[in-house]
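Chemist: Have a look at the structure that comes next, please.
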Amino acid sequence: MDADELELKGHLKKLKKEELLRRKQLKESNLQKRELEYNNASKNTSIYISGLPTDKTTKEGLTEQFCKYGMIRTNRDGEPLCKLYVNDKGAFKGDALITYSKEESVTLAIEMMNESIFLGKQIRVERAQFQNKEGDNMHGKENDLKEFNGPEPPIKRLKKAKSEGEGEVIDYNDDESLAKADRTVIFANVFNIYKSYTNDDINDIQEDLLEGCEEIGQVDSISVSPNKGEATVVFKNNKVALQCCKIMTGRYFDGQKLLAFISGDENTSSTSDKNEDSEVEDDLI
């Protein structure tokens, strides 16, 4: 292993220890407060849209537009959670409610669509307040609801790197017989351990992470552990794994700042380091 690789491994190990210490201190200081704040925020993943054209708006058209800003939740029948509201006379009043899978999609949708023009009218998009209004009912007549063929693919959480040396597929002819741990990358902070994920959410995150890693080099396998907030990726060789750590560490993935390190590096740590790391790795979010 050359000097640059040794320096990179040392730097990544230092970053990992600093991050683990920071997170341990954060947990001790305000874990309960953060969990409460997150639970309050995560309850509201809906937007309320008003000012929609009463003669042109359809559920299908609305979901096709707003799925661009995040994955829309679906009901048991697989239909997107989009409600069109009517007044006391049964006429569409120009208001709608859309529920996303993730809270950050609400912020993006508001930023992109509030006071924008939709079907020739300026609309207002805001975070839903869930206040019951007299006379409001879901616009649920069968002949008013059109079949929705599914949202567009969600926005990719990992984009191809543009900086020098990133985003290129690395094909090393490595004939060394490397231990699996030395070519295994552990991604911490992939999942928020205080958040509930559906199976579809987990599959989407795994697919996006795999896509990002395959842009760097050949991947043998990938697995995720939402309860620990981690993902494990096994590469073809150690050089690709090191390059992955260099590229991915510090990158934001689904709103989470990634920490990537070689699994085999932990075997070189002292016993005290292992004990300290094991206390807090399960607390990474």
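Here the Cβ of each residue, glycine as well, is placed from N, Cα and C on the backbone.
So Swiss-Prot lists the following for this protein:
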DOMAIN    45-130  domain 'RRM 1'
COMPBIAS  135-149  compositional bias 'Basic and acidic residues'
REGION    135-154  region 'Disordered'
MOD_RES   Ser163  phosphoserine
DOMAIN    183-265  domain 'RRM 2'
REGION    265-285  region 'Disordered'
COMPBIAS  276-285  compositional bias 'Acidic residues'
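Please go over these features one by one and say how buried each is and what sits next to it.
Modeler: Model confidence over the domain 'RRM 1' (45-130) is summarised by a mean pLDDT of 90.
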Chemist: Based on DSSP, tally up the residues of the domain 'RRM 1' (45-130) by helix, strand and coil.
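Modeler: Final tally across the stretch: 22 helix, 30 strand, 34 coil.
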Chemist: Can you tell me how the residues of the domain 'RRM 2' (183-265) break down into helix, strand and coil by DSSP?
Modeler: 31 helix, 27 strand, 25 coil
